[in-house]
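What TrEMBL annotates here:
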type	residues	note
DOMAIN	3-247	domain 'Carbohydrate kinase FGGY N-terminal'
SITE	8	site 'Important for activity'
BINDING	81, 82	substrate binding site
ACT_SITE	240	active site, proton acceptor
DOMAIN	257-442	domain 'Carbohydrate kinase FGGY C-terminal'
Ligand SMILES: Nc1ncnc2c1ncn2[C@@H]1O[C@H](COP(=O)(O)OP(=O)(O)O)[C@@H](O)[C@H]1O
Ligand SMILES: O=C(CO)[C@@H](O)[C@H](O)COP(=O)(O)O
């Protein structure tokens with residue numbers, strides 16, 4: 001029996017997953033790391049920490065494996081998207097990575113529109129200039145830390161840097177490159193035109209592979225440290241949402257997924273590169289060859305719940321925090337939450353907006369707040385679903401993955417708010433499963449990712465929308481949408497009082 005490993009380099013933790021050729025999970029290990037948030041709007045991590053925690057996790061995975069390590073044939077990756085890692089000419093890290101949920105770059109987004117033009121940017125990259133994407137981060141470093149950009153010889157995305165440390169080879173791949181605003185998404189090549197216009201060297205962009213492309217094998221040092229064989233094949237991998245889609249079997253038109261990790265994503269498969277959403281949702285290359293996906297993003301989805309837990313119930317587990325969630329009536333006894341803890345992306349690209357609890361009452365308990373947080377996150381994701389439906393897409397079944405799919409009541413809330421059937425798979429680790437599938441496909445175990453999905457993914461349970469609940473949520477959703485409108489001006493006024 002042969003084995004493959006998927007490494008999911010998430011925002012809250014790295015998860016390593018081993019599966020066998022029959023698609024059975026053999027073991028999984030997870031190691032957490034923190035966010036560095038020095039100022040309001042800033043979000044960074046140390047790339048060294050990703051490598052250390054992945055090494056520890058793989059070492060543990062191998063130590064617990066009772067087969068022959070030479071049978072672990074392939075490894076691949078799923079990575080948090082957009083994060084900027086800059087390397088000097090000796091391939092040493094020049095500064096902390098600036099992450100996808102860092103919104104310091106509003107000024108640089110405006111510069112991109114002024115220089116490139118909104119229309120051309122959309123034509124080439126299929127996406128608008130958003131604070132979270134990589135190019136605005138490069139321009140921020142150019143403007144505020146010019147001595148660092150001068151020393152940079154290449155930029156990398158988070159999982160690409162990890163792969164480099166494991167193989168000694170520098171690459172990126174299409175699905176993650178799509179989130180940089182430097183890729184010509186339709187042509188699948190770096191856009192020299194955009195590099196020239198914004199004044200960055202195109203040599204900063206790493207060579208590109210397809211997601212299942214072979215990037216190399218493990219370095220002798222990495223193999224020795226983890227106990228893996230040097231001959232283990234390492235495949236490029238994909239953006240976490242592309243991998244989440246692969247791991248959920250979103251490999252054909254008409255399939256949709258909701259992922260609640262640190263961020264929240266509603267994603268839909270696209271067969272072609274030319275559907276027009278006018279930049280309202282992201283349009284990226286899939287990890288499946290020559291395919292695409294569109295998605296809307298809530299910046300602080302699972303993060304809103306983990307912020308709430310860390311602030312008000314630090315010592316407790318999510319299970320204990322959410323005990324009794326299903327006993328609180330729809331609408332959390334009159335409490336509404338908007339999850340704008342770090343600003344928002346879809347449908348409002350707004351770095352200034354912040355979260356609110358509306359309707360606090362002396363009778364509210366902690367569990368009412370927890371229910372309001374969960375409902376607010378779900379309403380926010382529903383705004384992306386609304387965009388898809390308004391564009392003519394039918395969304396009646398959604399695969400739900402990520403940490404948020406661990407709670408049954410939340411899954412029913414998703415069904416009722418989205419007014420769609422929610423399917424939970426046997427593993428909620430969609431991105432890690434997708435990464436493992438890329439290794440399995442890369443190793444030649446299957447003729448296509450779809451054939452692999454038929455073996456590696458299985459439905460566990462499904463949740464149908466309850467008509468009476470759907471009606472109540474429709475009424476609440478209208479109120480929820482009004483909170484953004486009503487609090488936008490207040491947050492602009494409060495901005496100068498934030499941590500800076
Ligand atoms: N038992 C649980 N019930 C509900 N939500 C949970 C539970 N465990 C974790 N979560 C949510 O899942 C999030 C982490 O999901 P995960 O997919 O691991 O994130 P990431 O890939 O961003 O690291 C947490 O922020 C938390 O909100
Ligand atoms: O910015 C995006 C997508 O555009 C995020 O979805 C990141 O890719 C981080 O994902 P998680 O850590 O929440 O899975």
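Glycine is no exception: its Cβ is also placed from the backbone N, Cα and C atoms.
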(message) When DSSP is mapped onto helix/strand/coil, what comes out for residue 8 (site 'Important for activity')?
(response) strand
(request) Could you find out if DSSP has residue 240 (active site, proton acceptor) as helix, strand or coil? (result) helix
(message) I'd like the number of other C-beta atoms within 10 A of the C-beta of residue 82 (substrate binding site), please.
(response) 26
(request) List only the single closest residue to residue 8 (site 'Important for activity'), chosen from the recorded positions 81, 82, 240 by CA-CA distance. (result) 240
(request) Between the Cα atoms of residue 82 (substrate binding site) and the residue listed as 'active site, proton acceptor', find the distance and write it as a whole number of Å. (result) 10
(request) Pop the Cα-Cα gap between residue 81 (substrate binding site) and the residue listed as 'active site, proton acceptor' into the table, whole Å please. (result) 7
(request) Starting from each candidate's C-beta and looking 10 angstroms out, tell me which of the recorded positions 8, 240 has the most other C-beta atoms. (result) 240
(request) Around the Cβ of residue 81 (substrate binding site), how many other Cβ atoms lie within 10 Å? Please give the count over every shown protein chain. (result) 29
